[in-house]
């Protein structure tokens, strides 16, 4: 019996609290709130778990025993331990064939190294201390995640005309613990079908315990099918339990059913490249499509209505008909019919559509490819076209719109009126169907002349020798020729400004003669000529520049003469009276005499002497008295 004294009760309570904390911290085990008189431990299959004995008392000497309680309530002794001082000595008596066997650790915990399905039992620990005896019960719950969910849909062709529920699919969940639950889904939404058999739909379920002790569940779905199920997606989902109230889910792959249902409606249309208004271009290949909503696909019959008679064109199972290179004569009413003998009597199995072939013939202009008129004249040009639907006409010149309609009016022609005119026919309702026709307008007349004046380079005006570039431009028809009164003009070339202008340039030096006469540029063709004269006004002579040049030459020559004289004086250094203008004979007093000491180089002495003697022989005609 439990001691009645308060200190012993407090000590026992503290020890129980410590052991409960140890159990809660043990890996692989999760404890819930225990039921009165017992505790619950949950573990996943294959994980280790240690069962704690919460009945241990605060005694220096006690005996601990672990028992397994079978389903009939009989206890089987598994292990025991005895407290001797601070040590707990224990051993396992009977593992009841379990592999690996039970273990008892130093804290008195019953250890299961790998939880198995058969371990899901009630375990009792009994503690005896003297005459007192206490015990505690632990319920072990083992959870196993089932294998991947399997689904086996009905592969046959299911008819929607049946008035009873047909088998849709079977769903399997194998080797879980505890037994899982299966839910069926249609288009992602759970199906609420009963377990009782009825005509609209139901499901059956069967649970099997495998030899391993794990449980497998099989569920089969039955539904009364409608035509709306033809595009429906189905799958099943398995929900299973995990420790501490958690749940897991495993979904099967999605599958669809193959249904047989009669045709109720037929669609027929003209495919690409038709427009929204049903027009196709002449020469294109056109596809006709026919689709019935029955399954399996029935036979399609294509026909053309002529004089209220059906002329069959083609019969196939695909519902496609191609008309190669359609012509305008193929416009008319086309149709298709579905041959479905299971269809209801009021079902519309035939449809028709209008095929309209658009065409556009080449354009015709009232003028030829080229039209020549004189300045100031007026004219009208017509553009005619045949097409269906009625084409729209517009005129352009150099991509600039001029107006709409078949008639183009041109009045008071100028040279700017010349160019290429285009008549374009298009059909807004039939894209890419268009044609163009063009003519070139030539405006004849005498030349127009334009001259580009060149300004002087200096503010004072033109000076003799300045370079000038003159430019003349002209236009007219026939194209005018440009000529200059001076040689050197460039050949006429199209001007950058366009509009029929040609230009020529002339580069020359400005002279007084050109100033008086001027330079003329002339443009001429068969209708006349036009001339322009360039004038330069007064041309100033370049005297100041000439004086500067003469002075520069004089200074250069003077410097050269001084250099020659200095050099000559250096060579005549040893002769008396050198570089003294008008003096001969002995040098003036104070001048040093020419030395012939041995310190002088022979070459230098000989050179000077030779020069002096030479000067004596020639007398006043030599360089001896001059610098």
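Each residue, glycine too, has its Cβ placed from N, Cα and C.
Features as listed in TrEMBL:
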COMPBIAS  608-627  compositional bias 'Gly residues'
DOMAIN    36-141  domain 'Ig-like'
DOMAIN    146-241  domain 'Ig-like'
DOMAIN    273-356  domain 'Ig-like'
DOMAIN    362-440  domain 'Ig-like'
DOMAIN    447-525  domain 'Ig-like'
REGION    81-103  region 'Disordered'
REGION    578-627  region 'Disordered'
SIGNAL    1-31  signal peptide
TRANSMEM  548-570  transmembrane segment
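On the 0 to 100 pLDDT scale, the domain 'Ig-like' (447-525) averages 85 in this prediction. Comparison of 146-241, 273-356, 362-440 by number of C-beta pairs under 8 angstroms to the domain 'Ig-like' (447-525) places 362-440 first. Helix, strand and coil residue tallies for the domain 'Ig-like' (447-525), in that order: 6 helix, 39 strand, 34 coil [DSSP].
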